[in-house]
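Q: The structure is given below, and queries will be raised subsequently.
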């Protein structure tokens, strides 16, 4: 029982509120946000270290003990994701100063950013299903603010769809929680898991589980519910796209991992087998989508989808290797998607267009940007020894162990398509004859180094797998045995 | 044609004060009886909006020279800090406590830290409601 568990939510919340007071003074608010992001990252790293060393930290807010009050549970999985979110957030804050116009920065960008981080951290840390809904709303509210930032015509059109879809799924979410409450009489996740286990997950509970999956699948962009994602993720500023692509869908995936490894694990032949099918379709359709367009931003946005498929595959397998693969892939994908969106933002900035066919030879003018992109493409496609490879090999191992050969083949095939889609960008935009750029050389150092900073983490995650993997293995073990989570919350 | 708003003006002078007084009562009662910062804030905002409707933007801006937008972060800050305050006493986040004090004239009263949180909600609600309505009203 320690207040440490709530610190990763409180610091960004306070920073966001304080940033409102001087939002007009761009330099001050920028400096404040940069310094506070770094401080927050340090604090979160420290808490994460404590959790990995000494085990889960829980907090009963307001002194209301579980299962009556709202419980904040900082377990290794949640803390690892919170740390990753904060690393990405810090890079994005430094990227924002050159990517956003002064007016956009004044218009509460930093406040929305901090609230987004607060909401995302909250969603990872909460141990209460209704509270999870509340944090979804917090991060969605912030994302509504971010997606319309700038207020261009196309942004308003896409954000309208985004808002409507999210309102619908949030409504369904809270309805589903009401159903669940009427059946098991609690909204504390640990106690739900305990009670579902006692009644052996009867039919109605499986139905409710599928409804919950539907909600999370909408947020997490799983086939066939991904149609809203690509277009609405490319309309805002690149830095906002990076935050969305790296954090928002992953909260949906995290929720699926949590609920379907903790609560609904007794009817796997209905739920988890379906996940395997959906995972396969998600990989295929996402990869095809990425090849279907010439818009570089859209290619990256479509690449979010097959990655979601890979993570879902691990959850469907529900084995040691599968879950470890999912978690590893989740960490890898959060970082690499942010890197790609940031790099593509810089590419579109220097080329002045997002059409693949209208650029060539960029690498002659911007070699560093070109090679960074090449490296990021290799990481994304899962070329050894980078992080995508480690996640994929774990998933493939898990798949082969359970005889899911078809799915493994589909996964490997879609990886090739992903690599092809990335190489298309690299060959068309960066290769080719040297061509005079309209507008001349632009300074892009402030664009490239936040991306390079993130890419270092991504490479470390792959090369340093020996060091990271033990923690992921512990997390996968914890996930496979729901009683560990239940005991850490309801121990008395 | 000049509109005749004598009835509106006369009743507003009376009703606005009743509304304001009742909203403060609701706010104070809120932490353990029906009412609270949210509903109290809404009612205060309703009273102020009624005055805006009756006396017009220009007059009211002179009477209440306050940037309502600023109330939002102030309210949020108060509410959050009330939660964080429990860190100082080594209690779980958002813990609350209360005490009874003897006030002159008013007699015994209950003071609860939950009311500080409610104050934050109260200010935020007033700030948001008035910002929304006034920006719609400004937008001709």
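Here, residue 1 is simply the first one shown, and the rest follow in order.
Even glycines carry a Cβ here, placed using N, Cα and C.
Unlike curated entries, TrEMBL annotations are predicted automatically.
Straight out of TrEMBL:
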type     : residues  : note
TRANSMEM : A:38-60   : transmembrane segment
TRANSMEM : A:66-95   : transmembrane segment
TRANSMEM : A:107-127 : transmembrane segment
DOMAIN   : A:127-417 : domain 'NADH:quinone oxidoreductase/Mrp antiporter transmembrane'
TRANSMEM : A:133-151 : transmembrane segment
TRANSMEM : A:163-184 : transmembrane segment
TRANSMEM : A:204-227 : transmembrane segment
TRANSMEM : A:239-262 : transmembrane segment
TRANSMEM : A:274-291 : transmembrane segment
TRANSMEM : A:298-318 : transmembrane segment
TRANSMEM : A:330-351 : transmembrane segment
TRANSMEM : A:403-426 : transmembrane segment
TRANSMEM : A:447-469 : transmembrane segment
Q: With Cβ-Cβ distances below 8 Å as the criterion, list the same-chain residues six or more beyond the ends of the transmembrane segment (A:274-291) that contact it, or say none.
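A: 217, 222-224, 226, 230, 260, 299, 302-310, 312-313, 315-317, 404, 406-407, 410-411, 413-414, 417-418, 420-421, 424.
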Q: Same-chain Cβ contacts of the transmembrane segment (A:107-127) under 8 Å, 6 or more residues past its ends?
A: 5-6, 8-10, 12-13, 15-17, 19-20, 23, 29-30, 32-33, 36, 40, 44, 58, 66, 70-74, 78, 81-82, 85-86, 89, 92-93, 96, 100, 134-143, 145-146, 149, 188-190, 243, 247-248, 251, 254-255, 489
Q: For the transmembrane segment (A:403-426) against the transmembrane segment (A:298-318), do we get 3 or more Cβ-Cβ pairs below 8 Å once near-sequence pairs (under 6 apart) are dropped?
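A: Checked: the transmembrane segment (A:403-426) vs the transmembrane segment (A:298-318), in contact.
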Q: Any chance you could find the range in A:38-60, A:66-95, A:133-151, A:298-318 with the most Cβ pairs under 8 Å to the transmembrane segment (A:330-351)?
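A: So the stretch in question is A:66-95.
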